[in-house]
Amino acid sequence: MATASLDALQAAYVDFSEITLREKVGHGSYGVVCKAVWRDKLVAVKEFFASAEQKDIEKEVKQLSRVKHPNIIALHGISSYQQATYLIMEFAEGGSLHNFLHGKVKPAYSLAHAMSWARQCAEGLAYLHAMTPKPLIHRDVKPLNLLLTNKGRNLKICDFGTVADKSTMMTNNRGSAAWMAPEVFEGSKYTEKCDIFSWAIVLWEVLSRKQPFKGIDNAYTIQWKIYKGERPPLLTTCPKRIEDLMTACWKTVPEDRPSMQYIVGVMHEIVKDYTGADKALEYTFVNQQIVTKESDGTVAAQPDSLSSQEGELSPSSTQLTPTTAANANVNAIAISKTTTSSMTENTSSTSSDITPTNSGQLDNNPLFYMVTNRWDAIPEEESNESRNDSFNLTSSAEATQRLETIRNGMILMACKPMEQLTLDVEANGFDLSPSESSSSSTNAKSDGRERLTVTDTKPVMMTTDLSNNNGGIHAHSNGLLSHANGWQARDEELQEQEHEQEIVNSLDVDVDPDEDENDGTEQSLAEILDPELQPEPPIPNDAESQLIYRDHRHMAKEYLSVDTNLYYAQDFKDKLIVQMDRTEREQKQELLRKMKDKEGLQSLYNNLQQQYASRQLAAGHHPQPHPHPHPNQLQHPHSHPPMHFLQDEGCGLLPGSVCGGSESVEEGWVVIPPHHNA
């Protein structure tokens, strides 16, 4: 079999000159994924970094060469160029299911589509588990590795960098924490049942359109919660048949979970009750950005401008009620236009489309209520992803245009000739003794500050040659200039404070906010900001309001300056990263990942110590002080949780944990008692 696979790979070798690379569309476990053209058809080209181990490349190629299924991404060929390896794979124009569900723009979809995606994912996994002679385990099933094609109607599994042969009982941890089965990160031996657990979390995600454990950033905290039996909250009014299947698949004991073949059979029966999965979803996935427009011109999903209304939406407005085949097609998604130009005109119609039925329950009730039979567009949620990720969703057109306006304005200001800096120097000032200088004027100071008149305090280089005036002037002019700038700045600051205090004391004085030394520069810069950040117009004839308005304008100017500096710093950083050697870049990224894992372990350890101390105090025992471990003594990120915490009299350490094998609900999480092998 290995020889046959090697021969197939040799036959599938592609000359790199036949490939025309286009924009990057994402990244996988070991490399970048680019859109490309090969033999007059669109393909996805996965580039493996030079530092990637050859065995990882060979593993993915070997596994893909064995796979041929409509719900699994196909491998067309392999190529190499400049010490980099490229895999030519099937292109999924719809992007990942994760971006579809949780991206900036959230296209609408029906319950029929959700059930169809879950069924197709189950069929692809069942195919892997049933392969001969060596079945395969994916080990990293999550929406990021599920791609949409055919306008959202078809789903395909990708990223086989974690696939393993089922013939070997695997013990190394792979996958993401929120979708990872407890036996995987626990360190126990696991089988294909870990994919079934991950599939159940994906099913919950497409039903709720929420990210599991979204509010928890620490991966080890998520693993600890899953180990203790916590699961995502059950969906109210969810069909019992779907709920029973979902809860059976995420059971703690792997042997209690059904097989993927059984899941496929159940899903085939479920999808019969929901028609409409063959309806195309009108959206386009371009450069990690989803663009949705209906044929009648209405936008099928709310853009970023509705993010401010997020607090007004309750779970009731974002969930669905199962429908029968008779009425599943009746409730089509229709959302009014929400473009920037028509936002004001359509406020009433838009509000009527998204008004929740139980407003205000988002923060008070942990459960998600499903009271509508369709997916409405959901405003963008607050993202936890790093803004330094070069594969994040691109900025909106308005933000890009605003940034270009700022840059162009700064360039014009930099090119504008500035007034020449001049110094008025007393003719015989440097020839006078200190006593003569002090007696020359009753108002003169000993430092000679009154002898200098600075007409401009901007940091402009002094280029005027004053050597012809006096031999000592040229030597001391730079120092005098710097002191003069400092004095002038302090005087201006004191004068401005005194002036503002006088205005506050006399409320009858009108202050014109535009009468400032910036000649309207701050006003024009403030108008570049987003509407929610722009200064509110002041109250007429109110001195305090005028001062607040002026302060806001100053802060807006500072904000734009800082934001622009951040942009240039990020651009400079990106250029340095591109110029950096790939091996060095990978080493630095690996170091950053290890540092983050170290911080996560330290945080988890401190949390467990606090819980242990609280339990000891509650039981009337005085906890023994434990020396704080050295960071290097912390457990490896992939090791299972410390057993001296896990086996504390059979009870959980988290508040509200379950003892004695009973089930309870704590803070909206379904708690399942952990399983301990005899």
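Placement of Cβ uses the backbone N, Cα and C atoms for every residue, glycine included.
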Range annotated as region 'Disordered' in Swiss-Prot, from 488-519, 616-647: 616-647
Cβ-Cβ neighbours of Val25 (ATP binding site) (radius 10 Å): 22
Cα separation, Asp140 (active site, proton acceptor) to Val33 (ATP binding site) (Å, whole number): 18
Per-residue Cβ crowding (10 Å cut-off), top of binding-site residues Gly31, Val33: Gly31
Euclidean distance between Cα atoms of Asp140 (active site, proton acceptor) and Val25 (ATP binding site), Å: 20
